[in-house]
Amino acid sequence: MYFCWGADSRELQRRRTAGSPGAELLQAASGERHSLLLLTNHRVLSCGDNSRGQLGRRGAQRGELPEPIQALETLIVDLVSCGKEHSLAVCHKGRVFAWGAGSEGQLGIGEFKEISFTPKKIMTLNDIKIIQVSCGHYHSLALSKDSQVFSWGKNSHGQLGLGKEFPSQASPQRVRSLEGIPLAQVAAGGAHSFALSLCGTSFGWGSNSAGQLALSGRNVPVQSNKPLSVGALKNLGVVYISCGDAHTAVLTQDGKVFTFGDNRSGQLGYSPTPEKRGPQLVERIDGLVSQIDCGSYHTLAYVHTTGQVVSFGHGPSDTSKPTHPEALTENFDISCLISAEDFVDVQVKHIFAGTYANFVTTHQDTSSTRAPGKTLPEISRISQSMAEKWIAVKRRSTEHEMAKSEIRMIFSSPACLTASFLKKRGTGETTSIDVDLEMARDTFKKLTKKEWISSMITTCLEDDLLRALPCHSPHQEALSVFLLLPECPVMHDSKNWKNLVVPFAKAVCEMSKQSLQVLKKCWAFLQESSLNPLIQMLKAAIISQLLHQTKTEQDHCNVKALLGMMKELHKVNKANCRLPENTFNINELSNLLNFYIDRGRQLFRDNHLIPAETPSPVIFSDFPFIFNSLSKIKLLQADSHIKMQMSEKKAYMLMHETILQKKDEFPPSPRFILRVRRSRLVKDALRQLSQAEATDFCKVLVVEFINEICPESGGVSSEFFHCMFEEMTKPEYGMFMYPEMGSCMWFPAKPKPEKKRYFLFGMLCGLSLFNLNVANLPFPLALYKKLLDQKPSLEDLKELSPRLGKSLQEVLDDAADDIGDALCIRFSIHWDQNDVDLIPNGISIPVDQTNKRDYVSKYIDYIFNVSVKAVYEEFQRGFYRVCEKEILRHFYPEELMTAIIGNTDYDWKQFEQNSKYEQGYQKSHPTIQLFWKAFHKLTLDEKKKFLFFLTGRDRLHARGIQKMEIVFRCPETFSERDHPTSITCHNILSLPKYSTMERMEEALQVAINNNRGFVSPMLTQS
């Protein structure tokens, strides 16, 4: 049973469906002058005007009573919709049939046909399962099972949502702006359209001449050619949208109705005023609403708490005569309440509004307390029961085929996958992330335990979903799929890095700027449990590509995409500090990457030595966050070697040019040679450094100790730097101050040496680093922070002066109100034998709870910055005259410190294991056995002195840079009377074949006590 009313009668007309015993009215739809009735047996009846073929049959111009549409009799029809003069029907297989007026393309049959009397299948949609359709006056919308929206028909106001310059369309077109968004509904009005997402976001497009899109802000357009997210509806909790000719009504989760648009007929439910624009609550409705529906110029609402059907607005005023039996009067203001008393013994099921006609379906069950709402067909998504069914199905069964079909659809559609894990909607502010990643992770884990499901998911992602990712969508709901995919185990399978992870990363890199910003905001809210696996997935793919070699242009493009995505993630993490920085380090790079080639490419590119049209290879150095400390030092070494080689090549070219042109002047040396006397070491070295040109520092450094036999080896320069720093950092030398006994050193507040000496000392430090040397420079970490433009902290002061740092910490921790009086603290300090006010008249300003943090901050700033400004700036200027700041900025302070001073984490057992044996020696040789036994008896200081004898330094490079080892040799000319000798640049120890422990211990002491100088190639016992 159903009720209808409209034109000539204020009374409800109670009707039963004719010609279909036992069938009830399931759905009704009305155009301007015709109606469709869909029955529960899936037959479609039509009545009204047929001048444009809108009844779906030939013959009479009008159908006074509802009659079946014969062309649809063989179909199981699930949905119907009416435009002004055209009709649509959807069968249970999702096929769409159209008939009626088609001059604007609104039938979607591929031609602008004036009239189509019989329903025709829309062939463009033949392979797509449509679950919803909605007709505007002259256009149509369809929603597919996989959440695609199609539009066709008239586009004079942009109501198709296809963008600018699109004419009317005779075939369905995808509304690409909505791709990836899990949708709940589509609704068409006169010349405007809406879509509602499962998250509750409303998207409107088309005509906005009367404000029917609810767009806000300055310069509101009169039409929109693309779907726009309607901000005014965002936080209302919209669950249903209905559109009239030029007005719109929305129903919220809490049973309220908001309307907007044209109000000339009172269709918005409040007094017509031109000032009221945007969504307005219909306050006159007394109770909670569960259904709404818009006619062209009026609105219906079912108030389930009172059992009333509320109607406001009226039919168009230009109608001159009755239309059909379902709407018998003209120009009638139907703003009234239809009482629950009219529905005796029945309960309202659904309401439907047309231009003139209104329908109410009922059911007999009056005991139900559940609010009857309109249940719309939904897009595909995974439910827990569905997942369990998939896991349980037997292979080759009917259920198995159905499961495969469901999996194929969901895992091929970004929107369906997102819909599967949406968080429960609320009526308040939207959550930071729309999807439940923990639920997704658990579901994917269960599903992929089944090999056939895992294989299907992989295929669907590779063939369809990754190609359909909404890279240019500005909507968070569409981009949520980028959060879900990394939760799936198949994305982490080592076999899938190239076919899944690389395309995924490329999609991120191809995003529009706006889309990427939205995605990055989502990344910023990720928990460690989601963010870390995402990073590990990318790292694993990069390693896999490197293991497969990076030769082709495509290989380089793959790595660029992976690194590009990691770069964006790194930016997000840096701003939010979710994960430690070293999470992004790819430790394997230190062994897999050729740093010389990589740095060379970067230098060539930066110096414009590569033609612009040449395909550029990936340069890992452009992504320094992937480098661990070892990789950064190797990159620094590569940079030094390349620059030395370039400098040497340039010098030889100049020499060649000089010879050819017979020039008188002697060309510059290809080496940077320092000739120094050991007795005047510092003076000689600083004099020559001050005379050097900037280009000299890029050359290979050669140090010659005058009157000594100095092989061109790293060992000589290592000893040079060791001796220079040892001398210049002594307290008695006067360049640096030591706040406490055994503490680190720092720049003095009132230096005794001239400022230039600090400049030269900075050059010396830079030269040591550039030449890959490590030296003992007892500076605190604060120095390396300052070199990298970072601010020293209280922790740095604790390192420089433990006692002072501890006392300042106590000041911060002290909760007493009279802290300044109790401790006699003022804004005046004593530092480096000077009394200093931290602020003007600081001696008279006590420290209290309100200013103690400022006091500590100014104390730290004075020590590390204010007091040393002049001398530190000279030091920094000298340091960066040699070293390139661009490459050092990639280091963290701790890493730069390690690169400069090395480490003293000695592993003497490993030292023994790493060692090699040549010229008749082997590990089991008696002399070797004696050596290690004697060596391990030495004190730590003696072992360090022996290390200096062997290598020219008593410190180690950063772990992994250089093996700590000895290469044992026994020249035939050696006798037991000879002492051991070393070749420092190669860690070679020439060890005579001693036969007793006493002789071995004696020889080691000689080496330890004569570990400096190059007077003779061999120390021989007299």
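Positions of Cβ are set from backbone N, Cα and C atoms, glycine also.
Pulled from Swiss-Prot, these are the features on record:
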- 41-92: repeat 'RCC1 1' (REPEAT)
- 93-145: repeat 'RCC1 2' (REPEAT)
- 147-198: repeat 'RCC1 3' (REPEAT)
- 200-253: repeat 'RCC1 4' (REPEAT)
- 254-304: repeat 'RCC1 5' (REPEAT)
- 693-1017: domain 'HECT' (DOMAIN)
- C985: active site, glycyl thioester intermediate (ACT_SITE)
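Remark: secondary structure over the repeat 'RCC1 3' (147-198) totals 3 helix, 23 strand, 26 coil, with classes taken from DSSP. The local packing around C985 (active site, glycyl thioester intermediate), expressed as other Cβ atoms within 10 Å of its Cβ over all shown chains, amounts to 16. For the recorded site, C985 (active site, glycyl thioester intermediate), the DSSP three-state label reads helix. Along the repeat 'RCC1 1' (41-92), the predicted structure has mean pLDDT 94.
In the repeat 'RCC1 5' (254-304), the DSSP tally of helix, strand and coil residues is 0 helix, 19 strand, 32 coil. Across the repeat 'RCC1 2' (93-145), DSSP classifies residues as 3 helix, 25 strand, 25 coil.
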